[in-house]
Amino acid sequence: MRPVSMLKEYAYCPRVAYYMEVLRPSYRPTEPMNLSREIYSVDHVRGILRSSGFRIVKEEWAVPLRSKRLGLQGVADGVVVEGSLGIIVVEAKLSVRSNRWLHTRGRHVIFQAAAYALALEETRGYSVDYLAIVSLEDSKTYVVKMSPSLRRDVIRLADDMNKTLDDGLEPPPKPGRKCVACRFRRVCQPWVAERGSER
């Protein structure tokens with residue numbers, strides 16, 4: 001089983017997931033990951049949800065999940081029962097730039113939360129209709145519908161990632177702006193300019 005966070009990285013850039021897999025012994029969290037851990041607390045996330053209008057009926061935090069279907073496991077930040085929306089998977093991130101960013105360039109974050117939702121459904125038999133992406137820095141909550149197309153996209157992505165990594169295939173590079181700040185740029189594309197902070 002691979003970590004759900006690897007699916008998020010694969011959606012962002014397949015090579016990031018590949019390097020996480022092959023360089024696993026030397027893999028270290030990035031600075032934004034460490035900063036996110038420092039400011040994350042259940043009370044903070046709960047407060048953001050409530051200030052966003054959530055009526056939390058029941059809650060569970062740091063929920064271990066696994067999905068045989070997806071070949072993934074991990075720990076969801078939270079699962080809450082909300083008064084009108086039902087069961088929601090909560091994923092906290094250091095920063096979410098905007099709703100538009102989340103649904104375009106930040107879609108990898110949605111895929112991570114949706115993978116946790118599918119694992120929750122498989123493990124516990126619940127039905128999850130919504131995801132809540134919580135932005136810690138600006139105290140905002142973004143609600144995402146677990147649509148049939150999102151479910152299909154996550155299953156397809158997990159299948160594609162697992163096949164690629166099981167076969168040991170290095171995905172082709174996709175040079176772009178995100179490469180400048182990637183923690184694997186020195187291994188993947190050593191010719192990329194050495195500027196920007198690591199992702």
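Every residue gets a Cβ built from N, Cα and C, even glycine.
Listed in Swiss-Prot:
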BINDING   C13, C179, C182, C188  [4Fe-4S] cluster binding site
BINDING   D77, E91, A92  Mn(2+) binding site
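Features per Swiss-Prot, on structure.
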| residue | record | Cβ neighbours (10 Å) |
| --- | --- | --- |
| C13 | [4Fe-4S] cluster binding site | 21 |
| D77 | Mn(2+) binding site | 20 |
| E91 | Mn(2+) binding site | 25 |
| A92 | Mn(2+) binding site | 23 |
| C179 | [4Fe-4S] cluster binding site | 20 |
| C182 | [4Fe-4S] cluster binding site | 22 |
| C188 | [4Fe-4S] cluster binding site | 20 |
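Cα to Cα, C188 ([4Fe-4S] cluster binding site) and A92 (Mn(2+) binding site) are separated by 29 Å. Cβ proximity to the Mn(2+) site centre (mean Cβ of D77, E91, A92, cutoff 8 Å) flags the following additional same-chain residues: V45, A76, G78, V90, K93, A113, I133, V134. C13 ([4Fe-4S] cluster binding site) sits 20 Å from E91 (Mn(2+) binding site), counting Cα to Cα.
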